[in-house]
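Annotated transmembrane segment per TrEMBL: 107-128, 140-163, 175-196, 202-223, 235-257, 269-295, 343-362, 382-402, 423-442, 448-475, 517-538, in sequence order. According to TrEMBL, the domain 'Major facilitator superfamily (MFS) profile' annotation covers 109-565.
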Amino acid sequence: MHFGDTAFGQLVRTLSRGKLFAHRECDQELRPNWLEDLNPGVEQHDARSAPEWTKWTARWAKHSLATSSPSSQTSDVDSEKSSDSLVDWYGDQDPDNPQNWSWSEKAFVAGLICLYTFTVYLGSSIYTPSVMGVMQQFKVSYAAANLGLALFVFGYGAGAMLFSPLSEIPSIGRNWIYIITFVLYTAFTIGTAVAPNFGSLIILRFLAGFVGSPALATGGATLQDMYSVMNLPYVIAIWVAAASMGPALGPVMAGFAVEAKTWRWPMWIQVWLCGPVLVAMFLCMPETSASNILVRRARRLRKVTQCSDLRCEAETAKSKLTLRMVVTDALIRPIQISILDPGTGFMNAYVSLVYAIYYSFFESFPLIYPVIYRFHLGTAGLTFLSVVVTTAIGASCYIFYVRCYVEPQIRKSGELPPLESRLIPAIPASIMMPLGLFLFAWTSRESIHWIVGLIGIGIYSIGFYVLLQCVLLYVPQVYPKYAASLLAANDFCRSSLAAGFVMVGRPLFKNLGIGKGVSLLAALACLCVPLLVLLYRYGAWLRAKSRFASPPAEVKVSGKINGSA
């Protein structure tokens, strides 16, 4: 485990002035055999003393500088790379490269990310059983009390536009963004539990959502840092399941607590869950951003060798950036692509719609199960377990599809399939969603058993999960240069529309009735099915015509990648 690269390890190393959790480049007692093995062209020297170590590392730096030079006859580096882009991994098996971590370490970090994401997204819906209590204590309307859910959802969409681009800055990385924002998230959640008035409650709910956004905005990037192209879909599938189950389990955990205690207790449940997860991330979550790891390595080597020419590729690229370029790529470009590129714009609009429908369940369920079927608050929350169970079924189906269909094709051809092939599972999923909604709409009545409507919700949930999984794999690969910002824009679109649906859902269902109201949403979902088929058929042609397109690069899948984790 790379404890030295955790937030705790970095803090201890700084406070001890490098004596604890020292990196190998800075360890004066460490013989550099590990580096000699990876760089056999460098002469071997005894580096037990500090002067000898410094001399040896300087010789290695000069050797690497020479072999990295465009004019070098023995260079294995692309001629376009300048000598400033010297510092890189110490060979293909560098243990500091997250792609080379052991299976157990990758699984542990991925598990932390899934738990972190689940915890944050649980915080959205865990508030819903508290709405009536908020109305009674602060003497506000249902719509006003419901702002506690709507603003939380909007907050984690707005926060993604800030924290996702920040995590891609090499000098910042991902880990400290996770830790700092999660500390704030926990603090704001404590604030909601003790809020003395309605205004502070609503503001704190928005702020909690805002600082909780890195869970979904950046979590996928952390997984991509560690896993190969062959194994990434499996891990993303589990992570998306964790994100989908969080909101579904919120009412389950909170309903009985509100019945037994007060409306504030669900917030304390959230705090109790946040505490252990925060401690685990602080102590055990290592940095995974390759750019950040190499930037810090370059700084160490410059200090040890006194060679100011040593730079990693990220530092060289950063020196050419201006504030205007950063703002354009992080904020303006994703909006331009979403508006001007029809494929990306449609995917953002479609997934926003189905995500908003998902959050409308928190408005329709209280009008059905407590009213029509006379469930009490705690039992009504248990109906959301149908979403949890069917999300697990959807994840299993998707993993089976990748394992038995996609992976054999890649191994046989030795290259990745066309980008639009990632949309194949989304087509049947898009049909399942309106079918499930229509079943839910017209069977939620006293004369029909309550389980039938939940079967419809389950069918919708399977389709919703598969579609979200396909989108999270498709959107960032449309224009890889803007991947992080495109995902953030997608997150913002989804969350904004979902927040709106939270506010209009109850009036919609009360005025039209559950049957007609849910059928209206199902009809909107039906309209998107043929558009998704057209995107699958003509997506490559649309991208080729796009003003944002870059020349396609052929990606081969080597045997090494096939077998790596």
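Just so it is clear, glycine is given a Cβ too, placed from its N, Cα and C backbone atoms.
Stretch with the most C-beta contacts under 8 angstroms to the transmembrane segment (202-223), considering only 107-128, 269-295, 382-402, 517-538: 107-128. Note on the domain 'Major facilitator superfamily (MFS) profile' (109-565): its mean pLDDT in the predicted model is 88. The stretch from 107-128, 269-295, 382-402, 423-442 that makes the most Cβ contacts under 8 Å with the transmembrane segment (235-257) is 107-128.
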